[in-house]
Structures are given as C-alpha cells and as structure tokens.
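**Q** Below: one structure in structure tokens.
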C-alpha cells in the first residue's frame with residue numbers, strides 16, 4: 001500500500017484514447033531529439049478503431065501530440081506503420097477520422113519518400129511548427145501483419161491528461177474504524193496536481209457510482225435509497241467520528257475542498273474522468289450548497305467477498321475465463337462454446353469489450369485491453385471475432401460478434417485484458433531481502449507475536465518450490481515466478497533469523513501466501529537464514545502444451561523384442577515385470593505415440609539445471625537436462641494406475657517454429673537445450689521410451705494421461721494445461737484413443753461425461 005492508508009486506484013486519463021505503445025530509437029540527425037538517449041514514442045489512438053489503425057500520436061519533449069494531414073501521403077503512412085511494427089500501410093486518413101487529439105501538433109507538411117527508417121528522417125516544417133488545428137489530425141491504416149521479431153506491448157488503454165485529475169480513491173467515512181480489506185464504501189476523492197479533492201454529492205447517482213466502483217475493482221454498486229444514512233449507521237457501530245447530519249462538524253469537514261460540482265456518467269465508462277462534469281468556480285462562496293460529498297458503496301466480486309471469514313462461492317460457472325496472466329484479474333480471454341474453451345480474436349477488441357469481461361468475472365472495469373497475444377497464445381478453437389459491446393452487457397456472449405471462419409484469425413491475435421481489482425494490501429505483509437535486484441530475494445513475512453506486535457520472519461525452505469514462488473511473485477506484484485529456492489545462503493543477510501512459517505504448500509492460484517496450507521506450529525529441520533525460502537520473479541514465463549490431436553492420430557501397439565530394449569530397461573522405461581522376463585527372448589507390448597510439445601508462453605522454456613549438471617547416458621549416448629520431463633499413465637475408472645511410463649528430456653530442442661520465428665536450441669554438439677516461444681519439440685513415436693509398457697494390462701477401457709513438467713521443476717505461466725487425457729479402448733490386439741484433449745479444454749459437464757463414457761464403468765469392451 002502507498003504511504004496513505006486510504007485505498008486508491010491509479011488513473012488512466014480523461015479522453016478515451018486507445019493506444020499501442022512502443023519505443024523507437026531516435027535518429028542522430030533529429031535536431032529536436034532529447035539529450036541523454038531518451039526514446040521517441042509513437043502510438044495509435046482514437047475511437048472506434050482496430051489495433052492496426054488510428055490517429056498517429058508522437059511523444060516528444062514530455063508531451064503527446066499529433067501529426068497534421070497537410071501534404072500527407074501513403075508513403076508517410078508506410079514509414080509510420082513500419083515504425084509501429086507492421087509490414088506496410090494500406091491507407092491513411094485525414095480530417096481527424098479517429099477523433100481530435102489534444103495537446104501539441106508536433107509535425108506538419110510531412111513528406112516521406114517511403115524508404116526512411118522513421119518519420120523523424122522525413123522532411124517537415126520542424127518540430128512544433130504548424131498552422132493546423134486538431135480537426136486536421138492524420139491517421140493511418142496498417143496491414144494487419146507484424147514485422148518478424150518486432151515486439152511491442154499491444155496495449156489499448158486510457159491515456160493520462162496531466163491537466164485533469166489523475167487518481168480516484170475511497171476514503172472511509174469512519175476514520176477511526178479498523179480497516180478491513182477490501183474497502184467497499186466511502187467518500188469519493190480525486191487527485192489533482194496540487195492534492196486531493198472531493199465531488200459534490202448533489203445529483204450524484206447510481207451510474208456515477210457504478211463507474212467509481214468499477215475503478216476500485218468492484219463489478220457493481222450497492223443499491224441503497226439513502227446511501228449517506230446507511231454508511232453513517234454502519235460507521236456509528238465503530239464509535240468513530242462521522243457525519244450524522246449536514247450541520248455536524250464532521251459533515252463540514254467532509255464537505256470542504258469540493259472541486260467538482262457535478263458529474264453525469266452514462267454508467268458504462270471505464271474511468272470517471274471520461275464522464276461529463278462541471279468544476280467548481282473560484283468565485284462561488286459555497287462549493288456544494290446544503291450538500292455533502294459524493295459517497296459510494298460497492299459490491300465485491302466472489303473472489304473478494306468474505307462472509308464469516310469464508311469466501312462466497314460462485315453459484316453458476318462462467319462461460320468466460322482468463323488464462324496465462326501473472327496477476328489476479330488479468331489474462332488471455334477464453335470463452336466456452338459447445339462445451340469447449342476457445343479464444344477471442346483481437347479484431348476490433350477495445351476497452352468496452354474488455355470492460356464486459358472484467359465485470360462478468362467479478363472484477364471492476366477494464367484497465368487495459370490487450371491485442372496480439374500479449375499474454376500468450378491459446379491453443380484449440382477461436383470462437384469469436386470483431387466483438388462489439390456497449391459496456392452494459394452482462395456477458396461477452398451478449399455482445400455482437402462474428403464467428404470465425406478458416407483463415408480469419410490466428411492465435412497470434414488472441415485478445416487479453418487487465419482488470420481493475422480491489423486493493424487488498426497483501427504486499428504489506430511480505431518483502432524480499434538480500435537479492436541482487438528488487439525482483440528476487442529471501443522471502444520474509446510479517447508474523448504476529450504473543451503480545452500482539454508484528455515482526456518479520458523467514459519461511460522454511462523445506463519443500464519450497466515453483467508453485468509457492470508463483471504465489472509470492474503474484475502477492476508482491478512482481479509478475480511470474482522464475483525460480484523457487486530452498487536455500488539462500490549466497491544472498492546477503494540481515495538481522496531477521498527466525499523461521500515463522502513452515503510446511504507451505506500452494507496450488508499456485510492463491511492471491512496470498514497466507515491462503516496456502518502450512519504447519520500450525522513451525523517445524524523446520526534446517527533453521528537459519530541460509531536455509532530460508534527465496535524467489536526469483538520475472539515479467540514473462542513459458543507455457544507448455546501438448547498437441548492432443550497428434551497423440552490420437554499416431555497411437556499404435558508394437559510387440560518389441562527384448563533384445564532391442566536393453567537401453568530402455570537401463571533407463572527404467574519398462575514395467576517392473578520386465579526384470580523377470582527371459583532376456584533376450586520374448587517381447588514387451590508397447591503403447592506408442594508421438595508427442596509434440598508447444599511453448600505458447602512469452603519466455604523460452606529452459607531446463608532448470610545448467611549444462612554442467614546434465615547427466616550423460618552412455619547407452620543412448622545423449623545428455624538428460626531434466627530427469628523427468630513427462631509422465632505417461634494408463635488409468636482405470638477410479639484413477640488407479642494400471643501402467644505408466646516416463647520420459648526424461650533426451651533433448652529439449654526446437655524441432656519446428658511458427659513462420660517468422662528462428663530456432664534457438666539444438667542438442668547436437670552439446671548445444672543449449674530449450675524450447676523457444678512459438679516453437680515446438682517433437683518426440684516421434686519411434687524413439688526409445690516414447691511409450692507405455694502395457695504387457696500386463698488386460699483388455700478394457702481406460703484413460704491415457706500425459707503430463708508435461710509433472711514435478712513443476714520449471715516455472716510456467718499456467719500449469720492447468722500441462723495434462724492431456726484421452727479415452728482409451730484396448731481389446732487385447734488393437735488400441736483406440738478418443739476425445740484427446742488438454743485437461744482444461746472442456747467444460748465441467750463435458751469432462752464428467754468424458755470420464756464416464758459407455759463401457760468405462762465395468763472396465764470391459766462394450
């Protein structure tokens with residue numbers, strides 16, 4: 001939490017400017033370039049628009065400004081689109097088609113030949129020299145194809161106008177009451193350059209309250225006829241100083257410093273500053289005659305609602321979800337259709353659509369709408385395109401959208417969101433110390449002593465892993481986990497030496513380490529700071545998924561002679577009964593298939609161990625960079641393993657990549673191992689250990705399960721998609737796989753049907 005104890009939400013600006021941000025190098029021949037190596041920024045803005053079109057804006061000398069359409073040509077648009085990361089331009093617009101900008105008009109009479117590296121190399125009247133108005137702002141339409149290797153944030157968001165208020169917060173009416181998170185009600189306060197001020201409560205309505213609640217991370221406002229009286233009664237129970245009448249001293253105090261006279265929101269805005277409003281004039285003696293400041297009371301979503309210490313359960317499963325985000329309330333948007341989850345194409349994706357998603361999931365309004373698979377690519381179907389919402393819809397499915405046809409969209413265009421979420425002050429109870437940077441260090445947590453005071457203490461490193469580190473990084477707002485460390489003796493120490501938490505076990509989805517299971521009484525075999533838990537956090541993470549259809553297409557049975565299985569036996573790739581076989585005579589029955597493992601995350605998947613610790617296997621003559629990379633299991637109806645296999649990472653490398661992506665990892669000549677983003681590693685069905693030994697399995701119906709990175713050895717942005725399941729039918733001679741899918745690809749209803757298909761219950765062929 002900030003220095004102030006009141007809860008506030010960072011603002012994003014006054015005008016609905018939707019922007020794609022990127023940094024561009026400034027040419028040396030640009031006389032107006034800022035000294036010290038500062039970067040020139042460009043963005044597309046305006047509304048409505050798609051992510052590859054908009055008003056062109058340039059950030060120069062600390063201020064955003066536009067380009068005039070005088071003498072503008074397609075050659076100018078080509079240069080600008082390439083700077084924005086697109087291959088070329090398909091057109092340009094004049095006369096402020098995407099709305100009028102604000103601030104400076106930085107460039108006028110721009111004349112490019114089309115071959116320049118940037119607009120700063122084109123001829124013009126010079127920076128800030130223009131006779132245009134914002135009615136003449138130029139725009140561009142870029143070809144929706146990215147330059148290979150070009151990386152930008154692809155963020156559509158509100159932009160800050162520093163001349164307007166910058167933040168909004170709720171100040172609790174009961175100043176002396178114990179603060180309980182989240183703060184759901186209070187006086188609305190807005191921050192100007194010179195400090196905080198209030199809004200007049202006269203004429204304040206539920207639509208205004210809905211916008212404020214959305215900014216605070218809440219999906220809706222609380223319906224109350226006399227909100228001031230309700231809030232004051234609630235505050236009175238805490239015996240705090242309250243404004244119980246317009247004539248009280250507290251009321252006078254609250255009514256002071258009112259700088260906004262009235263606000264008239266439509267209710268679907270994502271920020272209060274977008275709403276029409278009147279500011280208090282300086283010559284008015286009473287800013288809010290007979291009134292009190294605007295107050296709101298918000299309803300928290302299920303994730304943040306606590307009744308008797310327990311979270312409120314979600315009654316109806318949502319048909320929308322977020323995947324792959326580092327923080328609560330952010331991720332790739334996925335929707336459920338025909339019992340199968342799929343993604344949303346980013347064509348026409350904007351804040352209004354993102355707003356509907358956020359509120360539907362129990363969060364507040366949208367903070368950012370992201371395009372270009374900013375939070376990782378999905379896999380499987382793409383269910384929606386060109387989604388258009390008003391902001392009032394209860395579900396994204398109520399918005400107008402187009403169905404996807406073949407070739408319309410790729411997963412590189414998956415839409416994502418970042419939502420406003422309630423401030424919970426989780427980071428106040430944890431800190432990192434001793435690390436080389438703010439994103440790493442030894443984990444210290446605040447613990448309450450017997451006399452009621454709070455002290456900092458260490459977390460026992462025993463059993464500490466990637467999932468626990470994931471929760472810590474999320475709680476501190478530091479992104480994804482890169483590593484969970486069980487020993488931290490190599491980092492600097494301080495005077496904090498006592499272990500206050502041990503036996504921590506997290507699923508990886510918790511918002512705070514306090515939500516994870518742990519010992520009731522500290523029990524740590526290795527005490528001292530050198531054995532305390534530590535983390536390394538990162539802005540990005542990998543995400544591995546298996547190509548499920550390929551498993552179904554390539555499965556078969558092989559009776560392989562024992563004399564060809566000596567190396568496999570050495571690496572424990574056969575069932576235990578193989579040791580009792582009459583070697584080298586006889587055979588083993590193997591269920592074989594290919595595994596194609598894709599990295600759809602935003603960071604390369606690298607083995608945890610460095611090359612110095614890889615294990616050489618003489619029989620197969622290769623290095624294992626991970627002891628266990630995948631588990632292969634054949635399960636009965638009750639989940640019991642009837643046969644299993646495992647796959648050490650013989651060699652993690654890039655077999656193939658998406659168009660425009662270069663391979664980075666190759667195992668030949670003791671090369672670096674890993675899987676690059678947007679590449680995949682193929683383990684063919686005909687290589688050793690790419691099987692399950694089913695020699696002892698009786699005919700029947702089973703479930704084939706494949707789990708990647710089963711021990712969570714390497715951090716990923718999403719572990720829920722690491723498992724793949726198939727219905728498996730074996731008649732003693734042949735084998736069939738049906739409905740192969742990732743573990744999180746089906747609806748709950750479809751998953752139940754999958755586990756109980758005909759013939760499964762009696763484990764016999766139907």
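One is the number of the first residue shown, and numbering goes on along the chain from there.
Even glycines carry a Cβ here, placed using N, Cα and C.
Dumping what TrEMBL says about this protein:
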type	residues	note
SIGNAL	1-27	signal peptide
DOMAIN	42-143	domain 'SRCR'
DISULFID	68-132	disulfide bond
DISULFID	81-142	disulfide bond
DISULFID	112-122	disulfide bond
DOMAIN	168-299	domain 'SRCR'
DISULFID	265-275	disulfide bond
DOMAIN	320-420	domain 'SRCR'
DISULFID	345-409	disulfide bond
DISULFID	358-419	disulfide bond
DISULFID	389-399	disulfide bond
DOMAIN	430-538	domain 'SRCR'
DISULFID	460-524	disulfide bond
DISULFID	506-516	disulfide bond
**Q** Only counting partners 6 or more residues apart, tell me which same-chain residues put their Cβ under 8 Å from the Cβ of residue 132 (disulfide bond).
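**A** The list for residue 132 (disulfide bond) reads 68, 69, 70, 105, 108, given in order along the sequence.
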**Q** Using a Cβ-Cβ cut-off under 8 angstroms and a sequence gap of six or more, which residues of the chain neighbour residue 409 (disulfide bond)?
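**A** Correct list: 345, 347, 382, 385.
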**Q** Restricting to the chain of residue 389 (disulfide bond) and a gap of 6 or more, list residues whose Cβ falls under 8 Å of its Cβ, or answer none.
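**A** In sequence order, the residues whose Cβ lies under 8 Å from that of residue 389 (disulfide bond) (at least 6 apart) are 352, 353, 355, 356, 396, 398, 399, 400.
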**Q** Using only C-alpha positions, which one of 142, 358, 516 is spatially nearest residue 524 (disulfide bond)? These are the disulfide-bonded residues in the record.
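**A** Looking at Cα distances from residue 524 (disulfide bond), the smallest one goes to 516.
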**Q** If you count other C-beta atoms within 10 angstroms, which of the disulfide-bonded residues 460, 524 is the most crowded?
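**A** Per the Cβ count, the most surrounded site is 460.
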**Q** On average, what pLDDT score does this prediction assign to the domain 'SRCR' (320-420)?
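**A** Summarising the domain 'SRCR' (320-420) by its mean pLDDT gives 92.
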**Q** For residue 275 (disulfide bond), identify the closest of the disulfide-bonded residues 112, 122, 142, 419, 516, judging by Cα separation.
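**A** Among 112, 122, 142, 419, 516, 419.
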**Q** Distance between residue 419 (disulfide bond) and residue 81 (disulfide bond) at the Cα atoms, whole Å?
**A** 29
**Q** Run through the Cβ atoms and count how many others sit within 10 Å of the one on residue 68 (disulfide bond).
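**A** By my count, 24.
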**Q** Show which residues of the chain containing residue 265 (disulfide bond), separated from it by at least 6 in sequence, have their CB under 8 Å from its CB.
**A** 207, 208, 210, 211, 272, 274, 275, 276
**Q** Suppose we draw a 10 Å sphere around the Cβ of residue 112 (disulfide bond). How many other Cβ atoms does it contain, all chains included?
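**A** Its Cβ shell of radius 10 Å holds 21 other Cβ atoms.
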**Q** From the Cα of residue 122 (disulfide bond) across to the Cα of residue 506 (disulfide bond), what is the distance in angstrom?
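**A** Rounded to a whole number, the Cα-Cα distance is 56 Å.
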**Q** Mind checking how the domain 'SRCR' (320-420) divides into helix, strand and coil residues in DSSP?
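**A** Looking at the domain 'SRCR' (320-420) with DSSP, the answer is 16 helix, 39 strand, 46 coil.
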**Q** Comparing the disulfide-bonded residues 142, 345, 506, which residue's C-beta has the most other C-beta atoms within 10 angstroms in this structure?
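**A** Its Cβ has the most other Cβ atoms within 10 Å: 142.
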